[in-house]
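Visitor: Next up is a structure, given as C-alpha cells.
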C-alpha cells in the first residue's frame, strides 16, 4: 500500500490532474431540443430567446432549424431602437448568426440605432451592463469604438460604486473590446479568482451558479495578454461545468457551452482522460482503449506527448505489474491503446499525457472453468459414506436423485480460480432456494443441505450451479440434474391471485344490556318529581292568569314545540332530522317571542 501511494503521489506532484469526463455527442443531442424551442411560439418578448437558440446552434456547429427565416421576420417586426442595450445586442447578434441579411435582403439596424448605442457610451449614468452591450453591438456592426479612454473612465467610475461580481464580469467583457485601453481590467483578475469557491479540492465556481461562473470565466479568458487562471484551476472550473451538463433551459445551456468553449480555446485547455468503451478488458482482448481530448471530446492541439502508463498496480496486494509502458495511437486522433496482458484482477493504472495525469481503475476479466463436480446424498446420521456422482461441465445426471427426510444433499466442485458468488439453486416451479458454497481445506467448494430442515414440501427440484464474479468473463449457469424429495408434506397448490377477494364482514360492538323496566320507570318518576312539585306549589300559592294575553300564545306554542321536538329526538329522531325540524320551529318561536316582548315594552311606556 505504501509503494502504491508513493507512486501515485509522485505522479500527481510532477503533473497536472486531468478531468474525468467531457461533453459528448449524446450530451449535444440533449441540448438541441432546448435550442429548437427558442424558435417556437415567438412573441414580442422573445428576442433574447432567439439569440440563445441561434448562439447555441453556433456553439455546437449544427445547422439552423428550418424556421430560422421566421425568426428573422420576428426580429425585424419587433426590433426597436428604444429597447434595452442587452436586447439590442441579442437582436443584432441573432441577425448575424441567422444570416438574416441574405434571407431577407435587408439590414436590421438603422442610423438611429448607431446613434443610440454611441449615446450610451457618452452618458455619465450608463450602467456597466449597458456599456458592455453597446460595445458588443458596435463590434457586431464592425463600427469603431468612439473615445475608448472616456469609456474606461466611465467603467472605473461605475466600478467604484458597484464592484460586485456581476458588475466586474460585465466590465471584463467591455474591457476586452477596448484594445489597449482595456488593460485596466487586469487589476481585478486576481481578486475575482480569489473569490471563487472551491469544493472538495476538485471543483471551482463562483457563488451565483452557472450563469455568473460563465460570465466571469469567459470575461477573464477574453482579456488579451492575461493568464487569469492556472492549469489546475482550469481543470477545476471544467469539472464544475461538467457537473452542470443536465441543465435544461436554453440560457443555461448557452452559458455552459460558452464557458467550455472559452476554456478549450485557452492556453490552459483542460485535458480529459477517459475510457473509450468500458473500464475493463479481458485476457483474450487485452487492449485498453483510452480517450485523451479537450472538454468537447475533440483532439488536443498540439497533441500531448509522451503518453505513458507510468504504473499499473494490483489493488489486492499493491504489487506493481507494469511500468513506463507507452500507449499506441488508435484509429481516431483522440484514441490511444494500452495492452494489459495481466492476470484477472483489479488494477489502478497511472497515465500521463504530456504534463497531465490520471489514475484509472481497470478490471481485467478472465474465464473460470469447472474442473470437476460431485453431487450425491448422505445419511443425516452419518452412518454411511456419501454416494457421490462425478460430472464434467456441461454434462448432467442420467437419473434423478431420490431423497427423503433422512438424507443430506452433498455438492462438491473445484474451479480454476476462486469466485465471489458460488451458488447452488434448487427450484420447483416458481419456488426456489439458494445455497452459498464455501471453500474447504482442500480448496474445493462444498455445500451440505439438510433436506428435512431446508425444504418444507415434497417435490422434484432442479439442481443448478451458478457462478459469478466481478472479474469473470464467462458467468456460468449449469443445470446438472434434478432431485426427487419425499417429505411428509406435499407441495401446496398454487392459489390464483386474480378474482374477487374474500368479503370483509364488519363486527360491531353489541349493544349494552339495558336495566329492568321497573328501574327505568322509577328513575323517570324521580327525574319528573321536581316538575310535579312545581305544579303543587303553583296550586298552593295560586297562579295569576290576569296578565296572560292571547298574543303570547304563539310563543308558548313554539316553545312547547321545541320541547316536544327534543322529546322526539330522545325517543327516535336522529340529529339531522331534529335539526331540519328545529330550524322552522325555532324561527317561528324567535319571531313570536320578539313580537310579545315588543308589545309588553310598549304597554309599560
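For all residues, glycine too, the Cβ spot is worked out from N, Cα and C.
Pulled these features from TrEMBL for this protein:
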DOMAIN    23-264  domain 'Ribophorin II N-terminal'
DOMAIN    271-363  domain 'Ribophorin II second'
DOMAIN    372-484  domain 'Ribophorin II third'
DOMAIN    508-603  domain 'Ribophorin II C-terminal'
SIGNAL    1-17  signal peptide
TRANSMEM  519-539  transmembrane segment
TRANSMEM  551-573  transmembrane segment
TRANSMEM  579-597  transmembrane segment
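Explain the structural surroundings of these features, please.
Guide: A mean pLDDT of 90 is what the model gives for the domain 'Ribophorin II N-terminal' (23-264).
Secondary structure by DSSP for the domain 'Ribophorin II third' (372-484): 4 helix, 69 strand, 40 coil.
Packing against the transmembrane segment (519-539) from elsewhere in the chain is no residue: none 6 or more residues past its ends has a CB under 8 Å from a CB in it.
Counting same-chain residues at least six beyond the ends of the transmembrane segment (579-597), those with a Cβ under 8 angstroms from any Cβ of the stretch are 549, 551-552, 554-555, 557-559, 561-562, 565, 573.
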Visitor: In the domain 'Ribophorin II second' (271-363), how many residues does DSSP call helix, how many strand, and how many coil?
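Guide: The composition, in the requested order, is 0 helix, 54 strand, 39 coil.
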